[in-house]
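Asker: Copying in the features that TrEMBL gives for the protein in this structure:
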type	residues	note
DOMAIN	118-246	domain 'Type II secretion system protein GspF'
TRANSMEM	46-67	transmembrane segment
TRANSMEM	79-98	transmembrane segment
TRANSMEM	227-253	transmembrane segment
TRANSMEM	259-283	transmembrane segment
Amino acid sequence: MRIYDKIAYRLFGRFADRRVKNYPQIETTLLMAEMFIRAEYYVARIYFSCFLAGIITSLSSLLLFFLLPENMKARLVPILVAFPMITITFVYAFGYFYPENKARERARNIELQLPYALSFMAALASAGVTPVGLFRALANQKSAYESISSEASKIYTDVTLYGMDIITALKNSAERSPSARYREVIQGIISTITAGGSLKEYLFREAQELMRENRTKMKSFFETLSVLAESYVVLGVAFPLFMMILFSVMLLIQTSGLVLSIQVLYVIIFIVLPVISIAYAILLKISMPGV
């Protein structure tokens with residue numbers, strides 16, 4: 001454990017314990033994100049980081065206030081006061097949502113690798129390899145199936161090191177996985193093993209089904225991408241360019257409202273264009289499938 005986390009828990013442990021007690025899903029989220037830290041310590045880390053951010057930004061704002069010319073102080077006081085609060089809010093939001101984002105990223109990677117990992121396991125199952133042997137072989141394929149290999153390694157460790165039976169180990173793996181599709185596959189493996197069915201046929205069938213799902217997702221994504229590209233050309237390129245030309249012409253033919261027109265140009269160039277580009281980048285990231 002890092003010294004930073006120890007200090008954080010010593011200062012904010014009481015508040016962190018209360019938070020985790022009221023929201024036990026924090027522990028589950030950290031587990032799904034493979035962040036190997038106790039929930040109480042992680043929450044205390046967030047609180048301590050917010051505390052430090054507040055102190056640093058408050059002192060910085062105070063220093064800037066004394067360094068600013070007298071004629072600028074009155075105008076910049078609201079910004080200097082808001083800066084620490086905005087920073088604290090950003091630090092808290094980042095700490096709160098980071099495990100969820102990491103868990104979603106893991107789920108995306110798992111679902112990306114799942115059909116190929118199942119094909120690999122099905123090929124081994126057709127050669128008569130036992131279920132435990134399947135997960136052992138998959139655990140050794142970290143370079144090819146990084147996220148799935150990590151899950152398989154945990155299953156194999158639960159069986160060989162902690163003495164669990166394969167069914168219990170699979171149930172534990174399903175509970176701590178962030179991917180709903182992975183949980184469905186694991187439940188299917190459990191049902192197949194329990195019923196004495198053919199694991200090879202089940203794995204082949206699931207691999208083919210996942211491949212079909214991936215192709216459908218990619219087709220839908222390309223359609224969405226086409227719409228986003230067309231709308232970006234209009235909103236992100238043509239519209240700002242038209243507005244810039246319009247206000248540039250207005251600057252040439254009028255004298256009144258000159259300052260306002262220049263300010264509008266600055267807003268378009270330095271605020272509107274970046275905001276539109278960032279918004280489309282976020283939309284593209286959200287709509288991108290993990291295949």
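Each Cβ is built from the backbone N, Cα and C atoms, and glycine gets one as well.
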Asker: What does the DSSP secondary structure composition of the domain 'Type II secretion system protein GspF' (118-246) look like, as residue counts for helix, strand and coil?
Answerer: 108 helix, 0 strand, 21 coil
Asker: Which one of these stretches, 46-67, 79-98, 259-283, has the most C-beta pairs shorter than 8 Å to the transmembrane segment (227-253)?
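Answerer: If we count Cβ pairs closer than 8 Å to the transmembrane segment (227-253), 259-283 scores highest.
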Asker: For the transmembrane segment (79-98), find every same-chain residue at least 6 residues outside the stretch whose CB is under 8 Å from a CB in it, and list them.
Answerer: 42, 45-46, 49-50, 53-54, 57-58, 60-62, 64-65
